[in-house]
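Quick look at what TrEMBL lists:
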DOMAIN    119-193  domain 'Cation-transporting P-type ATPase N-terminal'
TRANSMEM  166-194  transmembrane segment
TRANSMEM  206-226  transmembrane segment
TRANSMEM  368-389  transmembrane segment
TRANSMEM  898-921  transmembrane segment
TRANSMEM  960-984  transmembrane segment
TRANSMEM  1020-1040  transmembrane segment
TRANSMEM  1052-1070  transmembrane segment
TRANSMEM  1082-1100  transmembrane segment
Amino acid sequence: MSDKKITAFSTFGAERKAKCDHDHALRRSRQTLEEITSEYDRHRVQMSRRSGEALGPETVGGTADCDTHENTLGGLRLSMEVFRASQELTRGSKDKSEPESVAIPDETFVEDDESGIDYIHMWNIEDVVTRLGCNVKSGLTAADREERLKEDGYNMLTPPKTTPMFVKFLICLFGSFSILLWIGALLSLGAYLIPKLAGNAADIGNIYIAIVLTFVVVATGVFTFVQEASSAAVMEGFANMIPQECRVYIDGKMQQVEAKYLVKGDLVEVNQGDKVPADIYLISTKNMKVDHSMLNGESEPLWRCPEKKFTNYMDTQNMAFSGTNVVSGSGTGIVVRCGDFTEMGKIAASASNSEEVQTPIGIEIDRFVKIISIIAIVLGVTFFAFAVIRDNMSGEIKWMTNVLFAIGIVVSNVPEGLLATVTVSLTLTAKRLEKYAVLVKNLESVETLGSCSCIASDKTGTLTQNRMSVSHLWQEGTSLMTVETVTAKECFSGLKTSEAGTAAFAKLMRVATVANKANFDDSDEEKNKMLQSVIGDASETALLRFVSTLPKMAYGDDIASPGLGGSRPPRFESYETIRDRFQIVAEIPFNSTNKYHVVIIDERNSTGKFLNYTVLMKGAPERILARSSKRYTAAGVPEDISKSSSWKSDWKAAYNDMGGRGERVLGFCEQTLDPSRFPEGYNFDTEELNFPIEDMTFCGLMSLQDPPREDVPAAVHDCRTAGVRVFMVTGDHPLTAQSIARQIGIISGESVSAQDLKTSAEGGLIAPENEAQAIVITGAELLAMDVDFLKDVMKRYREIVFARTAPEQKLMIVEAAQSLGLIVGSLGDGTNDAPALRKADIGVSMITGSDVTKEVADCILMTNNFAAIVEGVRQGRLVFENLKKSICYTLTSNIPEIMPFLLFIILGCPISLPTILILCIDIGTDLWPAISIACETAEADIMRRKPRHPTKDRLVSSKLILYAYLQIGVFQALASFACFFGSLMRHGVPLTHMVFNYDYNSPASGKYIPLEILNRAQSAAFFAIIVVQWADVLIVSRRVQSFFQNPSKNGWMYSGMVFECVLALVFIFMPGLSTALSTAPIEFIDCLGGVPYALLIFFYDEVRKLWVRNLPKSWMATYLNY
């Protein structure tokens, strides 16, 4: 088939055909295509009319007719693709000198082994034996296996490339933000070494800065590495997908062999409970079902049958694929694909080859580093040039001094403590998510969850419980009953056997209980029957769990049996007692041909005397109905179906209701055998059928469904409120997917299908003229869409369910959403989900997911709880919000740190804040308050906001820079200068010494300022910044809400304010330390110097917030709200 996405519906084809040339050959091609399409649609309509028919062999659609339709559809799809491919070639030949070639595979034999991988299942057994050189009776010889193993290698998936631990550590040390600090450390070291090597006095403070910056980078790097390494250690504890051992015929003898030693051509046997060790071409099966959920998301176990060959590789029944589970029965087959060449191997390779996407917070941090670097470099170069020009005008250029001050300006722009703040903030959030059972593998992924604007979620095991359960039941004279109605205790508390409905219900429950091969796993100590492990297939497990919840039930002794003359006394017994009493004497197992399960039970009275045999049957409803001539009335009395004119219409209505919900429907019936014809000890022959399975009495209908997780609807609602779109992407049947989507709220109103869509002349989307906001798209329909058309669909419909999708289509969905500018989170547990998880902005795997999926995921839901994702979105938004606040808090102090250098260069003012005190602020007093903001609780509207736009809502925006530098930063600089110059004036320093004094620290200068006075003034300026930072941390804790209306309850923040004040006083007053930091004790008035400015900052921001709240669309509000 051509790589182009070709339309698969008559609506698309009809419109595009009108644009083609009308030459004879193309007309014949179209005519043939229309015939095939018409036949395709006819079979598709018949399939859809059967509602849940394609859900599995036991459903309404599990009939022979369904198999016929599925097989026909498979062949028709291939024919349609070939004809459309030829049309594409005909159209393209005018523009291409070398048109694409279309290879129609030989379904009997494929010459090219690799190109024929998708059609190997169409070979007959003779071709397989010839091609692989194997024996279907004795298997391979030991020598042959050894030779093949040397040639082909182990049956193992090639492990993904891993980054060595030392490289991971270096990445943590030299990330984008860390590089900025390393540059700052090197510049500080240079600022010390340059004058030192030149024989001049060097500022020892620069060495301190270099040492401290190096310590900060190394400490935060180690912190990050340890956190991510701990997550990696958890990942290494997960089990491998490939089974350890399997049963292989070697030299005609069955042997246990480690799975990695399998080779192509091996004859392998798999039984219930096994994992399939390789891709196997089945040659014989016995009631074999496999769980394909790891490969295609299909929640229902699928039948395996050597005779059922469908064109679609994943739909065929004569193949068992590597990594899938055998849930019932057994099979024998020939290994045709090993390791990386298996279906699982292809998916794993696709996942490992998918391009990883940088996290949104990573993009934002890189951008922030660039902004800060540009600001620092521009300021440094600009004022270095200004200083050189000034010196040139004075006649002497002080190159060394100017270089050192330029370095000081650059270093003062570096937020030294911000790396630690970001790292700790992400780590604290990751720890909080662990409480919700979310394991974060990469710290940056924490914020990505909050950025998500679209979540593409698998259905089975993620949105649903991955546990089939009884959903509805129907009997004579009742409306459709839900399991909540049936299992409610009050429905049983007053029941008496004489009451209508009790006996009939007991009859239905007896069939469901006894004609059931599932059993609770005694090794599981779980007391709750709904949670205890069960050995058996999904349908019978659901029935067993259901009957186990019923307190007690009558098995119908009050109903007279033929030939017994009268009724027996009623009994109420548990399901265990009923199973023990009714011994099974013969059984016809369920299979895909008969579509029913029959057991014959031996009925005896309380003294053990034989009464009669009874045939119990369950299966596809139409099969059960066809074999039933009677039905139980509400009173539990058999009555001919023909006597009721409305019964069949009631049956059909109930059946259509269940099937329309996408549920799996089962019918139940029984027949009491005449003991005169079937006496005690009768030898029942289940092959020749020497007993009747016609003229049965219909008991009722029961429907099964993999129910949604209880907290998922609320979680989906929260996502909708938060503006996050939730797509369901599943391999399950469209009806089932749509039913679950409606139950959990993904689809909230009217929906359409892809068949209702049309294309415009330009190839765009023409949607139906209705108000529907939801659409259900199948994998076959998705195949017909190109990426642009799919993007149009995503723009038009907010609620989308993708059903019957293939792994590469999940990847296509993620890429299409990303191309629309959406930040996509992808959830899944199957190997088929891995490529999409890797490509998504954040991939989330279930704890029960495959190893491949967990390897590529960014985080893992340890309890498979979708609701945890909502908390992840909340925490992700909160961490972004708090990081923005922390950055704003940190950047505001940059202005009072930079301005002293600028004023010195421009006006010759003494430096009010030396580099050592800048360091004391950035990685000393500011650190605790900045980190404490990470503990700030969310503002009330955080989950009512739209997801942030990746290119408009930035972590560090121009508005934030404007706010931090030119608003609050200016107030802080004024406070610092006021206290600095005020202290100098109080200690007798004249104004003439405060301007144009470039030699203020030289005793030989006429404007020398004594060091003690200078240090005291610098300490006053330093403490003033601490005071105004109190106001700063309070105002950033609430960006829009008033602090008076919603004061912060963050105890860590208030303790951080006390901490920075105490630490500043220690720096200033502690003997020895004050000498090292060049500080000096200050007066009480100096301590209060910054208070007026702190109040000014606080009330200025309250006015700003008031303006933003009341006039949100005003010009001022736009630029005042960062």
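Just so you know, glycine gets a Cβ as well, placed from its N, Cα and C.
With DSSP states grouped into helix (H, G, I), strand (E, B) and coil, the domain 'Cation-transporting P-type ATPase N-terminal' (119-193) comes out at 50 helix, 1 strand, 24 coil. Remark: the transmembrane segment (206-226) contacts the transmembrane segment (898-921), by the rule of 3 or more CB pairs under 8 A. Proximity of distant same-chain residues to the transmembrane segment (1052-1070), defined by a Cβ-Cβ separation under 8 Å and at least 6 residues beyond the stretch ends, is recorded for 917, 920, 924-926, 928-929, 931-933, 935-936, 1019, 1022-1023, 1026-1027, 1029-1030, 1033, 1037, 1077, 1079-1082. Per-residue pLDDT, averaged over the domain 'Cation-transporting P-type ATPase N-terminal' (119-193), rounds to 82.
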